[in-house]
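Taken from TrEMBL, the feature GTP binding site applies to 109, 110, 111, 112, 113, 114, 115, 116, 191, 192, 193, 194, 195. Annotation comment: TrEMBL describes 276-289 as domain 'SRP54-type proteins GTP-binding'.
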Ligand SMILES: Nc1nc2c(ncn2[C@@H]2O[C@H](COP(=O)(O)OP(=O)(O)OP(=O)(O)O)[C@@H](O)[C@H]2O)c(=O)[nH]1
């Protein structure tokens, strides 16, 4: 499957919600864009969880461009896509690789968000780009996380640095970056234990982990990625904006986008976080992570809506 089809497949739940609901608004002869229509389309967009600001911006655009006219579904989808692409615009933002020496990446998030799996997927992606990768098992709190990462390290052929259960995660991170330097590894990805932004001591621990990495390489970590679980919806992820600030995050990995019909949450994140979404998780497999490209995301989201002509029976 190509990149676009994988994205479309991952967004299937949200795509089919849009397909069914938007097509239901139309007959083959088109539809008058009046207040009733604007209310109906507003309700559909809300269902995707893209958030108030984005929904109002889209409905406002439809009103300005089409109110009082009879339009066909193609025109509506076109207006929605153009506006959504404008709202989602972000700098092309893959990982900022260090100009020389290892690029150090720290990965954080709340419990169960999908951190460990996302790290394995990231390592796999970097390896497929011809880069060597070392993993740092900084989630010393949860033994299973270390085991899980060790299994991935074996499968991926990526060395791993672990610590004893009593080790401070900062010391694991320190040694991981040290080993990456010694072995001239391209990317060092450090896991951290799940935590909530309200746990002040654990949030302070993230600062220590960062500092220990910076002791090895000035400016490290080059990326601090926050993993968010798309299935928690807009309310869940918006709570994490404080987390992002406190941890000095540079980008977001949105895991489990395949598991929700509320894929519009990416739009809400883009609006609320002021941080780029760098990668999206689209399944449990090792290959199910894609760099996030807003225009492709919007195209994939609406791909099915126009897959067949609208008929009188819609
Ligand atoms: N469908 C789907 N499942 C995912 C994705 N990413 C992670 N998962 C699943 O989510 C569950 C939790 O993932 P983990 O990677 O263990 O989460 P974690 O954040 O490391 O968990 P803690 O270490 O407990 O904080 C696992 O069952 C993963 O297989 C994804 O993109 N899609």
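Any Cβ shown, glycine's included, is placed from N, Cα and C.
A TrEMBL annotation is a machine prediction, not a hand-curated record.
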Got a sec? Which of these binding-site residues, 113, 193, has the most Cβ atoms within 10 Å?
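Counting Cβ neighbours within 10 Å, the top one is 113.
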Which of the three DSSP-derived classes (helix, strand, coil) applies to residue 193 (GTP binding site)?
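It is coil.
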List nothing but the one residue from 115, 195 whose Cβ has the fewest other Cβ atoms within 10 Å; the candidates are the binding-site residues.
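So among 115, 195, the binding-site residues given, the one with the fewest Cβ atoms within 10 Å is 195.
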Determine which residues of this chain, when 109, 110, 111, 112, 113, 114, 115, 116, 191, 192, 193, 194, 195 are set aside, have a Cβ within 8 Å of the centroid of the GTP site's Cβ atoms, and list them as they appear in the sequence.
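Near the GTP site, the remaining chain residues are 108, 139, 227.
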Within the domain 'SRP54-type proteins GTP-binding' (276-289), count helix residues (DSSP H, G, I), strand residues (E, B) and coil residues, in that order.
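So the counts come to 0 helix, 6 strand, 8 coil.
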I'd like to verify something. Among the binding-site residues 111, 113, 115, 191, which ones have a C-beta closer than 6 angstroms to some atom of ligand 1?
111, 113, 115
With every protein chain in view, what's the tally of Cβ atoms within 10 Å of the Cβ of residue 109 (GTP binding site), excluding that atom itself?
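Total other Cβ atoms inside 10 Å, all chains included: 26.
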Mind giving me a neighbour count for residue 111 (GTP binding site)? Other Cβ atoms within 10 Å of its Cβ, every protein chain shown.
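Its Cβ shell of radius 10 Å holds 12 other Cβ atoms.
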For residue 191 (GTP binding site), what is the tally of other C-beta atoms lying within 10 angstroms of its C-beta?
29
Taking all residues of the domain 'SRP54-type proteins GTP-binding' (276-289) together, what is their mean pLDDT?
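Averaged over the domain 'SRP54-type proteins GTP-binding' (276-289), per-residue pLDDT gives 92.
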